[in-house]
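Per TrEMBL, the features are as follows:
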type: DOMAIN; residues: 1-399; note: domain 'Major facilitator superfamily (MFS) profile'
type: TRANSMEM; residues: 28-46; note: transmembrane segment
type: TRANSMEM; residues: 58-76; note: transmembrane segment
type: TRANSMEM; residues: 82-105; note: transmembrane segment
type: TRANSMEM; residues: 117-138; note: transmembrane segment
type: TRANSMEM; residues: 150-172; note: transmembrane segment
type: TRANSMEM; residues: 223-242; note: transmembrane segment
type: TRANSMEM; residues: 254-273; note: transmembrane segment
type: TRANSMEM; residues: 282-302; note: transmembrane segment
type: TRANSMEM; residues: 308-329; note: transmembrane segment
type: TRANSMEM; residues: 341-363; note: transmembrane segment
type: TRANSMEM; residues: 375-396; note: transmembrane segment
Amino acid sequence: MDYLDRANIGNATLAGIQDDLHLTPKQLSMAISGFYITYILFEVPSNVVLKRVNAVKWLSLIMLIWGIMTLAMAFAKDFASLFALRLLLGAAESGYIPGILYLMSKAYKPRQLTTRVAMLLCMSSLSGVVSGPIAYATSFLDGNLGLNGWQYLFILEGAPTICLSVLSYFCLFDDIKNVSWLTSEQKEIHKLYMQTEENNAHVNTKTIVKACLNWKTALFSTTYALSAIIFTSYQVFTPIIIDGFGFPVLTSQLLSAPPNVLQLMSILLGGYLSDHYKNKRGLVITIGFSIAALGFLLLGLLENRWAKYGSLFIIPLGIGLQNAANVSWSSINFPILEIRAVAVATVVMIGNTGGVIASYLYPLNDGPHYYFGNSFNLTCGLLGAAVSLLTSYLLYRQNCKLDSQHLVEYGNGEKTRTQFRYYY
């Protein structure tokens, strides 16, 4: 529901929201980007709150809020109200995925997370699978009770989120020790299992500066941002791109679903490969970026509409392959724990600016070919592949240094023990 509620504006555009609210192409892009602006700004504050209060209560609350915001978009009357609701939606959703990842980190060690993160990210693909058929179904409600099809779309996707927020309050757990279906012995075993990676690291200004100026932070942020641009472009604009092929609107809504099935399987494959071949993570990400770039190249060059539609299966294959590995790459490559915490948060915050950029790549007046958006994403794919290879090589060199010394200098005089290994 998190991914479904943020991306449904693409389906709503095909269903007529732009005409009914008299939105210009620029205003539509602003409405899309508004979500990502507040998503970035409130991501860190939301997680600060989460760690100070009961995580289950906080996550259930923000889910309730974004469900209400999604439902309220059905009753937006103009650009101002739609933009305001998208801002509030982004603020509410900002803490959910990081919050769930935080709860997962309390249950699994870092080296076990990539496959679990892949399972979580599969839900983004599942949202793409169901969003088209839902939009298609709501088109038949157009005019009932004086509401348009796109209004029913927001209602039918917002209401379940509100219900799930209540369910999550009873199903999520803040700590393993509070899980009723585990025995005391099992809880103690898990505590001992996780104890080796517990830390009481203190984050101060010096730590923040070191993390932000670290070369790994810059490279991981770059690959994350490039991935976010490609992912957001595909997730939000696929129905609009397909509509530009000349298909009827309802057909375009339905055709947006099948490519996401391939993306779902690709995410699982990428997560498995990254966990199984620990030092091939950079290669997996590079291949994923390259495949996505190929898809955008074909999308821009091909003329036949079915051939162009076929290229939309190549893009999600590449996106999925690198997604889970990319998201978790930074979390396993900082040996000093307090620096790791700040660096990962910085990577996610900077990386999510890609969503803002992507919001402006496919204005409707660039249709039906969208040469600029496709070319921009092609460039992002190629850059992502190059930066991933560079990052992988530099991490490999770091391991070589660790092999040649008992201790290696890290940052300004700090030392890294040789048992730490970089995952390249």
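Including glycine, each Cβ sits where the backbone N, Cα and C put it.
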Stretch with greatest number of CB pairs under 8 Å, the transmembrane segment (117-138) reference, 28-46, 150-172, 282-302, 308-329 candidates: 308-329
Same-chain residues at least 6 beyond the ends of the transmembrane segment (282-302) whose Cβ lies under 8 Å from its Cβ atoms: 223, 226-227, 230, 241, 270, 273-274, 308, 310-315, 317-323, 325-326, 329, 369, 371, 374-375, 377-378, 380-382, 384-385, 388-389, 391-393, 395, 424
Integer mean pLDDT for the domain 'Major facilitator superfamily (MFS) profile' (1-399): 85
Contact call for the transmembrane segment (58-76) against the transmembrane segment (375-396), three or more Cβ pairs under 8 Å: no
Contact set, same chain, for the transmembrane segment (28-46): CB under 8 Å, 6 or more residues outside the stretch: 6, 9, 13, 18, 58, 62, 79, 82-83, 86-91, 93-95, 98-99, 232, 236, 345, 348-349, 352-353, 355-356, 359-360, 363-364
Stretch among 82-105, 308-329, 341-363 sharing the most Cβ pairs under 8 Å with the transmembrane segment (223-242): 341-363
